[in-house]
Amino acid sequence: MTALLVKNIGILQTPLGSHSHKGREQGENQKLKNAAILIEGGLIKEITSDGKLPAGKADEVIDAEGRLVTPGLVDGHTHMVFGGYRQNEIPLKLKGATYLDILRAGGGILDTVRHTREASKEELLDKTSGFLDEMMGFGVTTAEAKSGYGLDLPNEVKMLEVINELNESHDMDMVATFMGPHATPDEYKGREDEYIDMICKEMLPYVKEHKLAEFADVFTEDSVFNYDQSKKYMQTAKDMGFLLRIHADEIEAIGGSKLAGEMGAVSAEHLISINEEGLESMAKGGVTAMCLPATSFYLGANFAPARKMIEMGIPVATASDFNPGSCPSLNLQFVMNLACIKYRLLPEEVLTAVTINPACALNRGDKVGTLEVGKQGDLVIWDAPDMEMLCYRFCSNLAAKVIKKGKIVK
Ligand code: NIG
Ligand code: FE
């Protein structure tokens, strides 16, 4: 077993615990000064502070030179597997077309579906692996990824296999989410109910049987899937043992966040237009709010009421939503800046929102998301003395060194 020692850490800042829902406050962070951390066999063996060094022997030593160390970041919401790009939408948007106008006209997600269906699995593996390298370079060590650009069984399976194979071959820990109901494919146009039926009867059982995804997600939105269609899908998925998440209230509040609370979803995502009823339902149901501020930025939309959510006891996570349409950026550090400036989250609340809260929402709270003995040795050494600096500087990459399970990956 090889051991890595990171010493001379100015501040080691981390949330504690493995549950975002149970009595831990959003901004509750431990800050250790003049700290060191010993990682052995990929797991954290010892953490020391105040100039003391771990007792265990190390094969390799990194001097953090007095800088900030945090847990590796967790990106809890991405659509990183896709064919093509959608830069063609820029002029349409500048001429006034909205996100839903483009989708209703057969573009948007459906355009990416055409390119994803055309792409071979090898092409998708290659492209996504490049994105994972880039994400790790920004300090992300665990990432969720969804299907949802196949919209038929072979292509949804192709996407999920890409995610599962990368989980094995790449250093990134990946969590797979099935999102068959991301849009209605051309061949089912105007027959949304039948498409949902087919997903419930054919796709969900296949995905379950072949253990291709742990989570099931749906785009509950005006002109996409309504409350009843979403509920039917979520109930079927839940009965099969999938954990649930839902794209809710991104553009219109049509009951998505309410449904999240009623169905006991692990998380509800976007929540830009959430109303009082949705907030109460999420608080009651213990649903994590997966807020996606870079998408608000890119759509020129409002920002989710994250501050209010925290006040109501809803755990807030912030993620990239990296996808070719509404957010073609995978930079989680920019998301942290936006969480601070637009959501008014304090630096310590931001850290919780990109570490333990998304880790819990990905069902990985016992393994990643904090720096504690026994958890995975996933951490970032930042070119910064404190969290304030990370929230303050923007559009530079401040991740100096990234360590995944005790291995230096940047
Ligand atoms: O989370 N809203 C639905 N899905 C993605 C966008 C997907 C796309 O436009 O390709 C989102 O924003
Ligand atoms: Fe999304």
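Here the Cβ of each residue, glycine as well, is placed from N, Cα and C on the backbone.
Automated prediction, rather than curation, is the source of TrEMBL annotations.
Here the structure is a predicted model, which means the values were calculated and not measured.
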Per TrEMBL, member of Asp171, Asp321, Asp366, Asp378 binding Zn(2+) alongside His77, His79, His247: Asp321
Further binder of 4-imidazolone-5-propanoate named by TrEMBL next to Arg86, Tyr149, Glu250, Ser326, taken from the candidates His182, His210: His182
Fewest-neighbour residue among binding-site residues, criterion Cβ within 10 Å, set Arg86, His247: Arg86
Inter-residue Cα distance where the pair is Arg86 (4-imidazolone-5-propanoate binding site) and Gly325 (N-formimidoyl-L-glutamate binding site), in Å: 6
Among Asn323, Ser326, which are binding-site residues, the residue with the most C-beta atoms within 10 angstroms of its C-beta: Asn323
Residues among the binding-site residues Tyr149, His182, Glu250, Asp321, Gly325 that border ligand 2 - Cβ under 6 angstroms, in sequence order: Asp321
His77, His79, His247, Asp321 screened against Tyr149 (4-imidazolone-5-propanoate binding site), Cα within 10 Å - retained binding-site residues: His79
Listed binding-site residues Arg86, Glu250, Asn323, filtered to Cα within 10 Å of His79 (Fe(3+) binding site): Asn323
